[in-house]
Amino acid sequence: MKVREILVTSALPYANGDIHLGHLVEYIQTDIWVRSMKAQGHKVTYVCADDAHGTAIMLKAEDNGVTPEQQIANVQAAHEADFAKFLINFDNYHSTHSEENREFSELIYRRLRDAGHISTRDVEQLFDPEKQLFLADRFVKGTCPECAATDQYGDNCEVCGTTYDATELKNPYSTLSNATPILKTSKHYFFDLPEFEQFLKDWTRSDNRLQTSVANKLQEWFDAGLTSWDISRDAPYFGFQIPDTPSDEPDKYFYVWLDAPVGYMASFQNLCDKRAGTEEALDFDHYWAQENEHKTEVYHFIGKDIVYFHALFWPAMLAGSELRTPTGVFAHGFLMVNGEKMSKSRGTFIKADTYAEHLHPEYLRYYFASKLSDKVEDINLDLEDFMQKVNSDLVGKVVNIASRSAGFLVKKYDGMLTDVCAEPSLLEDITKTGDEIAAAYENREFSRAMRLIMQCADKANEYIDDKKPWALAKVEGAEQEVQDVCSVAINIFRQLMVYLAPVLPELTANAKEFLNIDDLSFASRNEWLLGHQINKFKPLMQRIEEKDIAAMVEDSKASLTQVGAPTASQDDKAAAKNTSPAAMPSSTEQADYIGIEDFAKVEMKVAHVIACNHVEGADKLLQFTLDVGEAQPRNVFSGIRKFYEPEQLQGKKVICVTNLAPRKMKFGISEGMVLSSGDPKTGLVVITLPDEAVIGDSLA
């Protein structure tokens with residue numbers, strides 16, 4: 001067998017919050033894949049890091065009264081502790097706020113710039129005339145244009161929940177100097193993504209780099225036309241300064257999404273430095289140099305919401321800077337709990353630490369494995385099904401094989417297994433199934449692998465039920481048959497431990513001690529345990545109790561009063577507004593009514609603006625890339641260009657009408673409508689939602 005050299009990454013968790021079960025889908029999926037490939041004899045390295053840059057980090061640190069550096073250090077320690085609880089076995093865990101990441105970010109930028117792939121243009125923003133700097137929304141305060149509450153931030157009102165643009169604030173002032181800000185233009189740096197369109201079309205369709213559904217979605221983006229990507233941000237900003245900018249101009253910083261994927265390289269370089277001079281030494285260029293692209297493999301596991309960055313920007317950046325591109329990018333769906341999006345009020349927004357206080361992490365690892373496939377599909381953590389499946393499959397089927405057999409062997413035969421297998425055809429069948437299981441693991445068809453493993457467990461239990469060793473033990477002269485039956489059962493149990501080791505590393509480590517063996521690699525399944533002595537059996541796994549799940553849910557519940565949630569007085573205000581004379585047509589007016597059935601046909605969802613760009617050749621359009629909670633983002637055109645710069649809308653949550661028929665336009669296909677209010681002639685305002693709005697939720 002040829003030993004493959006593989007580098008694997010998971011997307012970097014953001015360093016301003018806790019790890020929750022939704023995050024863990026990806027890290028558990030990646031860890032299982034890495035462990036399975038290592039078990040099959042390949043050389044696999046798994047690296048990750050905290051994504052530690054951006055305005056949000058800076059503001060979080062300010063709220064906590066610490067420096068950004070201390071903030072990200074505290075969060076990284078918490079993240080690593082959570083990952084360890086769930087047995088995520090990184091070879092290295094680093095931070096994007098590192099010298100390695102700075103060096104690689106600057107290297108890539110300079111190579112792109114020198115090759116002519118970087119350009120500049122002016123963007124209009126609020127500016128502090130005293131501090132002489134551009135202001136992010138959270139550095140502007142003023143009077144809310146809706147409810148007149150004072151001292152509200154430049155993106156939303158914490159009193160009435162209204163969201164708005166910073167330029168709409170009344171009596172605005174800079175939180176840094178108290179000065180009244182002015183509108184001013186700023187030079188921003190752009191990466192010329194359209195130059196790489198043909199390369200990306202070829203790359204996304206070659207060598208099975210992407211899942212088919214992802215490649216198809218990318219084709220829609222190609223049809224709509226790629227646009228240049230703003231890679232710069234103005235100070236104040238926590239991140240890396242863009243090098244070599246004119247000395248007479250304000251400092252510019254790399255946008256967090258430029259240096260975040262570079263963090264994969266930085267973490268790997270950090271590991272290379274740690275292992276230098278050891279038997280496990282790694283050569284950075286062996287994995288990342290362009291000429292070695294077909295010698296080694298690089299895989300990124302990501303969520304479906306960041307495909308745009310990993311399948312377009314990232315490979316284009318790498319190709320433009322003469323570095324190797326990923327062998328594959330694997331996207332997964334989101335996590336639902338009890339068929340709905342995670343909810344703090346229902347107690348289903350469950351943090352990793354809260355789960356681990358109540359339940360064993362391997363329960364979740366197995367349940368996720370039983371649900372995950374190679375498709376970009378959401379998975380559902382049904383808590384009742386979770387309890388039943390773990391109790392039935394792991395405790396009732398797998399562990400039960402050992403507990404039913406080991407006692408007879410230890411008590412009557414000093415733990416010795418027979419020298420000859422009494423059921424070679426049965427054991428050969430289960431051994432050969434290992435080939436299918438190994439292939440399912442490699443292809444990320446974990447649910448298929450779990451089904452195959454449980455079929456093997458069923459065969460073992462059927463065999464034990466048929467032979468009834470507990471009854472044979474009472475029959476004089478049947479001692480050899482009892483030993484034969486129990487030895488076959490223990491051998492099958494051993495095979496199941498080989499197959500489950502990538503999913504249940506702690507259970508299988510304990511099983512190795514019981515089985516008195518050192519190796520659970522896939523190759524070891526071909527060597528049956530004959531004339532072998534096992535140790536006394538100890539319980540390997542406990543059943544999940546309903547009370548433990550209930551306690552976890554209760555601990556996860558948050559207060560129903562959240563920032564931006566309507567209060568009674570706000571509801572009264574809304575009701576008053578809707579029943580005012582201006583809002584109610586008189587009995588003599590002939591209003592054009594529609595029935596509730598007609599209105600119900602309109603599907604409106606919360607959408608996150610992944611990207612917003614100008615449309616070359618269209619003076620009225622902006623192009624949105626929207627995450628509406630589906631398998632792939634949507635492309636939507638909106639005629640609001642003269643009222644907004646793209647940067648004002650990127651990252652916002654907006655309302656998208658999602659069941660409009662796709663409209664073919666000169667510049668591509670529009671797959672929905674972004675809702676705005678106002679007069680198209682005098683001014684349109686995009687309706688934005690609070691951060692608490694859940695992507696993909698329907699408006700009611």
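In case you wondered, yes, glycine gets a Cβ from its N, Cα and C as well.
Not measured: the values here are computed from a predicted model.
DSSP assigns Cys147 (Zn(2+) binding site) to coil in the three-state reduction, outside any helix or strand. Residues or ranges marked as Zn(2+) binding site by Swiss-Prot: Cys144, Cys147, Cys157, Cys160.
According to Swiss-Prot, the feature ATP binding site maps to Lys344. Lys344 (ATP binding site) falls within neither a helix nor a strand when secondary structure is assigned with DSSP, and so counts as coil.
The compositional bias 'Polar residues' annotation in Swiss-Prot covers 577-587.
Taken from Swiss-Prot, the feature region 'Disordered' applies to 562-587.
The motif ''KMSKS' region' feature in Swiss-Prot is assigned to 341-345. Here the motif ''KMSKS' region' (341-345) has a mean pLDDT of 86 out of 100.
Its Cβ placed at the centre, Cys147 (Zn(2+) binding site) has 15 other Cβ atoms within 10 Å.
Of all the Cβ atoms in the protein chains shown, 21 others lie within 10 Å of the Cβ of Cys157 (Zn(2+) binding site). Other Cβ atoms within 10 Å of the Cβ of Lys344 (ATP binding site) number 15 in total over all chains. Across the binding-site residues listed here (Cys144, Cys160), the residue whose Cβ sits among the most other Cβ atoms within 10 Å is Cys144.
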